[in-house]
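Colleague: Input: one structure, supplied below.
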Ligand SMILES: Cc1cc2nc3c(=O)[nH]c(=O)nc-3n(C[C@H](O)[C@H](O)[C@H](O)COP(=O)(O)OP(=O)(O)OC[C@H]3O[C@@H](n4cnc5c(N)ncnc54)[C@H](O)[C@@H]3O)c2cc1C
């Protein structure tokens, strides 16, 4: 089958086809995208209606259009995933012979050139190979590989880009994992469930890409281009965060725990608006999936009001997940010769030592751009103030009702819940 590529405004492209051919229908997958793709689809819908063309959209994930309530969502998801896989058509009759555009280069789309040097190869063949390798050799140790970036690159499935770009279908991945009948498969099975659970939120409420889930949490943070740039380049002066960010810049991928950690660092310690840091990450991720991404950005920034607030301590994360500083030394070359006792906190090296070595803090590597303890305390105080406003928990309970699974809805947030209760939810990892 020949693939014809057309570049341009979708309405002009379809119009061109309707002038050349008798178009009976348009077939596509359902997309839960960004605000602009949503707007594009609405425009196209009114165009196809006017032109009397049927547009058939097919569900690609366990995400359901026009869903008002979450009741029975899990059953629907199960049903969708257990349906029979559709085989590739053996032969496709190919009638259309029109010229194809070539695949546009980033420059022609006004995009920056791609500096991501270590990204994995795309395509269906690569995706299938990765899925098979994971099922055969990696599934048993998967759960133990999730947290540390030292293990995650090899131990996580890294199927996310293939799912995002449609190289693999969610149904075929779920079925391949379940076929193993291993107890260990449960950990990844539930994550595949989360994939659709989060996308469903954006499908139901597309505004979540831009505005805070809980209105009381809106407009609390402040833009700071200098902080944002230092964070994005891996130059915050906190070695483990910087190593993770630089690794992401080279791979376009990093594990969940590290994504959560540097998003939390941007939102709490640096107090940056999640819309700005989230956009910066979206541009780096090769698996950018709007529904997961924006809901996760909000969760890690405490703006949903229904999820446990986790303010990660990036220094402690470093000691926990990279105790010898191997990951830091790989990605933050400036620190590679530091003794392990200082690798996570180079500011502890006394001046005498610095004077007698080639390493000078503030010259070879930045001093921390914020005081981790003070900035965490300030963030907590600001959250406390917002959460103690009248009506906060009533709104939070409505959000819970609309977006959560039945199980989590059973534990309703208490009305007039005071800060002592809220404080228990603050998993402050110091
Ligand atoms: C701030 C932030 C932004 C994120 N943005 C994205 C994004 O744009 N695209 C994306 O696919 N994931 C995103 N995630 C979720 C998660 O980090 C990735 O899905 C996961 O790291 C992908 O690696 P993997 O394929 O090896 O996952 P595995 O651990 O092997 O899991 C298999 C699959 O399950 C799904 N999955 C796993 N963890 C999660 C999760 N926490 N939430 C939802 N689905 C999950 C993914 O489809 C993943 O491919 C984000 C997380 C955070 C904290």
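Yeah, the Cβs are placed from backbone N, Cα and C, and that goes for glycine too.
According to TrEMBL:
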DOMAIN    1-63  domain 'Photolyase/cryptochrome alpha/beta'
BINDING   142  FAD binding site
Colleague: Return one of helix, strand or coil for the residue listed as 'FAD binding site', based on DSSP.
Modeller: helix
Colleague: Could you give me the DSSP helix, strand and coil counts for the domain 'Photolyase/cryptochrome alpha/beta' (1-63)?
Modeller: 27 helix, 10 strand, 26 coil
Colleague: Report the same-chain neighbours of residue 142 (FAD binding site): residues 6+ apart in sequence with Cβ closer than 8 Å to its Cβ, ordered by sequence.
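Modeller: When sequence neighbours closer than 6 are ignored, residue 142 (FAD binding site) has 134, 155, 156, 157, 184, 187, 188 within Cβ distance under 8 Å.
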Colleague: Return the average pLDDT for the domain 'Photolyase/cryptochrome alpha/beta' (1-63) as a whole number.
Modeller: 93
